[in-house]
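As written in Swiss-Prot, here are the features:
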ACT_SITE  H117  active site, pros-phosphohistidine intermediate
BINDING   K11, F59, R87, T93, R104, N114  ATP binding site
Amino acid sequence: MRLEKSLVLIKPDAVERNLIGKILEVYEGAGLKIKAMEMKQINKEFAEKHYEEHRDKQFFNSLIKYITRSPLVALILEGEDAINKIRSLNGATNPEKAEFGTIRRRFALSGTENSVHASDSIESAEKEIKLWFPKVFYEEICG
């Protein structure tokens, strides 16, 4: 297996409830390495760019309002099969359908306030890392 990188967001609901450490503990306990991490307060335009594939969905405006309401933590995690591993640790988007022990089952408040986001493919990871961490992306690609 090869090393993969994934963007992960610890969303506002989790930050507001002081869950950053508990969530990071899950990822690190699974052998994932933090390659970059930053607390950010994003604006509407940035959020719309990140969630552009959801623009036509009915939940789009409430999602943008939620993700911009207070700071979040953006990080790049790296590990073997990182994308699948992280998605498994996170659990289903809807916390009621997430498996017991997953981050969303343990901490999420709702389908929108679901505590974490993670890239769902290598392609989305590259796109999201480039958006959230352009300097890191540039250094990785251009050396």
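Even glycines carry a Cβ here, placed using N, Cα and C.
Annotated features taken from Swiss-Prot, shown on the structure.
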residue : record                                          : CB count, 10 Å
K11     : ATP binding site                                : 25
F59     : ATP binding site                                : 12
R87     : ATP binding site                                : 17
T93     : ATP binding site                                : 14
R104    : ATP binding site                                : 23
N114    : ATP binding site                                : 23
H117    : active site, pros-phosphohistidine intermediate : 19
Diameter of the ATP binding set by C-alpha atoms, the set being K11, F59, R87, T93, R104, N114, in angstrom:
21
H117 (active site, pros-phosphohistidine intermediate) - helix vs strand vs coil (DSSP):
strand
Whole-number answer please: how many Å between the C-alpha atoms of T93 (ATP binding site) and H117 (active site, pros-phosphohistidine intermediate)?
9
C-alpha of R104 (ATP binding site) to C-alpha of the residue listed as 'active site, pros-phosphohistidine intermediate': distance in Å?
10
Between the Cα atoms of K11 (ATP binding site) and the residue listed as 'active site, pros-phosphohistidine intermediate', what distance do you get, rounded to the nearest Å?
7
